[in-house]
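The following block contains the structure, expressed as structure tokens.
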Amino acid sequence: MTLDIFLSFFKTLYADDAMKPILILSLSIIVVVITFFILSFISKHPSIYLVDYACCSPPKSLQSPSDAFLRHSRINLSSHPESVDFQMKVLARSGLGDETYLPPAMHSLPPTPSIEASRNEAEIVIYSSLDSLFKKMELNPQEVDFLVVNTSVFAPVPSLTSMIMRRYNMREDVKTFNLSGMGCSAGLISVNLARDLLKIHKNSNAVIITTEIITLFYYTGKDRSMLLPNCLFRMGGASVLLSNKKCFRKQSKYRLLHVVRTHIGSFDKAYKCIHEMEDSEGKIGISLSKDLPNIARQALKANIHAFALQVLPLTEVFFFLKNVIKKVVSKRKDTKPYVPNFKRVFKHFCVHAGGRGVINNMQTELGLTWQDMEPSRMTLHRFGNTSSSSLWYELSYLEAKGRMKEGDRIWQIALGSGFKCNSAVWKCNRNITNPLDGPWFDCIDRYPIHVS
């Protein structure tokens, strides 16, 4: 009966020539909306949850205060006093504190970098974070379906994933992935890979280990661009559990919303700004170019262009696109870029703690405040540049401060060699209270501090 009334009403309207265009347009909109929701439902992937994670807390015997670092440098570089003076100036301005960690081989006099020493560092970092993760999650290693490890310069045979499988007696059908050469942005590349795997394989767990094994690239020469990593990079790592299992929906800390990756390596300066090489004396190290801050700025802009439409509110998208179009049409290089108000979308920012200069530039480019960059600055001070794992120490800082509340959105931004800028957006699943463990447990009350 109701259908007959509707059809009669429809015929009456359709017979009216004035109402016919409006009726057709209205029906078209209804069809489009219904189709959109049907397709969205059909193509919907399972939610990806960050169930929990654990950061490595190395033993205090591996801490490297600045004065001890410089004493070692004076002995190791006794024939190059100017190199020691250079490192002293870099450390004074670096933003690093006196509680960062160096691997055992770098505490020896002289340093003893080797494959075996690198394996030892890997075992300290990886086993401690994985042991902590499995313990607090009460997770049996046999329940892991995918294992992803990223570390740039140390790629031994057998691989680090094989080392982990042997240690924890994992299943024979575990799918393992070892990512190398990806630099400080590799942690979010691992997240992207795990997400894609979990989209396809239902009811699965993925464990990510993100670290940088720095023993082998300790540089003993006098090239200043290659001495910089000695001053900035420190020991650290994190293990992360991602899952698409519905049983983790309420228990998990975060839900993954977006991952966006950009790569500007087609430009020579970008490709060469972080480069493993030999100096004039044949000594191997990592060279950091003076162009690095500008390259990082370009990579960030490229990432924002790819990222903005997915996360920004319509008003911010309008002004952002208006600025881009104006710049293209006018062809004027001096057109001031529009910086979206990202704080309308994100409550917290975790920017790679690559160094004081990197953090300052990112703060300016994103239009953020000192308080927004506090997790990055404090992580740099307490742990140094721990490469791809720095983002997880920053997230842990926010949790230790009791700032993470249900519904908060977090933007993680990673920069790395190549040159790459990668972003991940997480939504907090529940209020997270001050944890009783973690890397900040014994020092969080001292932070934040003023870093001159």
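Keep in mind that glycine also has a Cβ here, set from the backbone N, Cα and C atoms.
According to TrEMBL, the feature transmembrane segment maps to 22-42. As annotated by TrEMBL, domain 'FAE' applies to 44-327. TrEMBL lists CYS184, HIS263, HIS348, HIS352, HIS381, ASN385 with the feature active site. Under the heading domain 'Beta-ketoacyl-[acyl-carrier-protein] synthase III C-terminal', TrEMBL lists 347-427.
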What Cα-Cα separation, expressed in whole Å, is found between CYS184 (active site) and HIS352 (active site)?
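If we compare the Cα positions of CYS184 (active site) and HIS352 (active site), the gap is 8 Å.
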Find the one among the active-site residues HIS348, HIS352, HIS381, ASN385 whose C-alpha lies closest to that of HIS263 (active site).
HIS352
Name the residues of the same chain, 6+ apart in sequence, whose Cβ is under 8 Å from the Cβ of HIS348 (active site)?
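Same-chain residues close to HIS348 (active site) (Cβ under 8 Å, separated by 6 or more) are PRO375, LEU398, ARG403, MET404, ASP408, ARG409, ILE410, TRP411.
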Within the domain 'Beta-ketoacyl-[acyl-carrier-protein] synthase III C-terminal' (347-427), how many residues are helix, strand or coil going by DSSP?
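The composition, in the requested order, is 35 helix, 21 strand, 25 coil.
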Using Cβ atoms only, which residues of the same chain lie under 8 Å from HIS381 (active site) while being at least 6 residues apart in sequence?
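Within the chain, HIS381 (active site) has Cβ neighbours under 8 Å at GLY95, LEU96, GLY97, TYR447, ILE449, VAL451.
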HIS263, HIS352: which of these active-site residues has the sparsest Cβ neighbourhood within 10 Å?
HIS263
